[in-house]
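Below: one structure, written as structure tokens.
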Amino acid sequence: MTDKVQTTLLFLAVGEFSVGILGNAFIGLVNCMDWIKKRKIASIDLILTSLAISRICLLCVILLDCFILVLYPDVYATGKEMRIIDFFWILTNHLSIWFATCLSIYYFFKIANFFHPLFLWMKWRIDRVISWILLGCMVLSVFISLPATENLNADFRFCVKAKRKTNLTWSCRVNKTQHASIKLLLNLATLLPFCVCLMSFFLLILSLRRHIRRMQLSATGCRDPSTEAHVRALKAVISFLLLFIAYYLSFLIATSSYFMPETELAVIFGESIALIYPSSHSFILILGNNKLRHASLKVIWKVMSILKGRKFQQHKQI
């Protein structure tokens, strides 16, 4: 029964992976083609492309971990291979979260309407420094990933199922509590960008409230371009917050799996939930971006035209 559930969850993970790769690759491809065409890239496109690339890598690492856990559990007993996987998981995990936070910050500075001198100064400079902010996020993620990977592998990453002729069911090299504590600290490290994103969300709400009040006083209505921009930004930010909470809880499940009898099943279940975040959020970003939305509609229209043309040819041959 356990093997059937694991296989089902693995197929689910493959489906989520395919959807996520499709959405994120589309974002990266459209922005890169536009970059080549115009020979320059807008700040928002740079953030979205960086976010898409980091999520493609994150999806690959999570799916690879699922396959190893189900098909080759003994690989967890080797330090070198798992050290590489651990490093790239921590790196891509932090990169994707920090890049999404950068997107929320960018929306806040470009759309919100405040008149504080510090806000106006940062609003004016955000396009100039966004590339440096993204580079700083990369350096910070590497700085976190290297020592964290060493600590995880020094204590051994996981309690692996020992497939031996002895009566041993589980072979563990580390104290489970100590290892779970390290994993928990890694998860807590992602709360900082989450709090920054949450702050941007509330400030955007405050800015929208003030803007609507000004529109009502001037009797110009509430559905102007600035209001629409606020609403689109809020949708993107709140979707990230909700999906991140589910993503965070999924890794809490994976961490607590060290104390469960069916450790492998709990980890795969947690990782199948974790795949929802990088997979589905890309489509929310596509719908919220005019260029990406129009490009996706063109692709859908072309695909439908090709399918209709094939059906017409088949009907004509009959």
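Cβ coordinates come from backbone N, Cα and C, glycine included.
What Swiss-Prot records for this protein:
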TOPO_DOM  1-9  topological domain 'Extracellular'
TRANSMEM  10-30  transmembrane segment
TOPO_DOM  31-55  topological domain 'Cytoplasmic'
TRANSMEM  56-76  transmembrane segment
TOPO_DOM  77-94  topological domain 'Extracellular'
TRANSMEM  95-115  transmembrane segment
TOPO_DOM  116-128  topological domain 'Cytoplasmic'
TRANSMEM  129-149  transmembrane segment
TOPO_DOM  150-187  topological domain 'Extracellular'
CARBOHYD  ASN167  N-linked glycosylation site
CARBOHYD  ASN175  N-linked glycosylation site
TRANSMEM  188-208  transmembrane segment
TOPO_DOM  209-235  topological domain 'Cytoplasmic'
TRANSMEM  236-256  transmembrane segment
TOPO_DOM  257-266  topological domain 'Extracellular'
TRANSMEM  267-287  transmembrane segment
TOPO_DOM  288-318  topological domain 'Cytoplasmic'
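Stretch with the most C-beta contacts under 8 angstroms to the transmembrane segment (188-208), considering only 10-30, 56-76, 95-115, 129-149, 267-287: 95-115.
In this chain, the transmembrane segment (95-115) lies apart from the transmembrane segment (10-30): fewer than three C-beta pairs between them fall below 8 angstroms, excluding pairs fewer than 6 positions apart. Under 8 Å from some Cβ of the transmembrane segment (129-149) lie the Cβ atoms of residues 43, 46-47, 50, 83, 86-87, 90-91, 94-95, 98-99, 102, 105-106, 182, 186, 189, all in the same chain and six or more residues away from its ends.
Look at the topological domain 'Cytoplasmic' (31-55): DSSP puts its residues at 21 helix, 0 strand, 4 coil.
Distant neighbours of the topological domain 'Cytoplasmic' (31-55): 20, 24-25, 92, 95-96, 99-100, 102-103, 106, 110, 126-127, 130-131, 134, 278, 281-282, 285, 289, 291-292; these residues of the same chain sit at least 6 beyond its ends, with a Cβ under 8 Å from one of its Cβ atoms. Counting residues per DSSP class in helix, strand and coil order gives 12 helix, 0 strand, 1 coil for the topological domain 'Cytoplasmic' (116-128).
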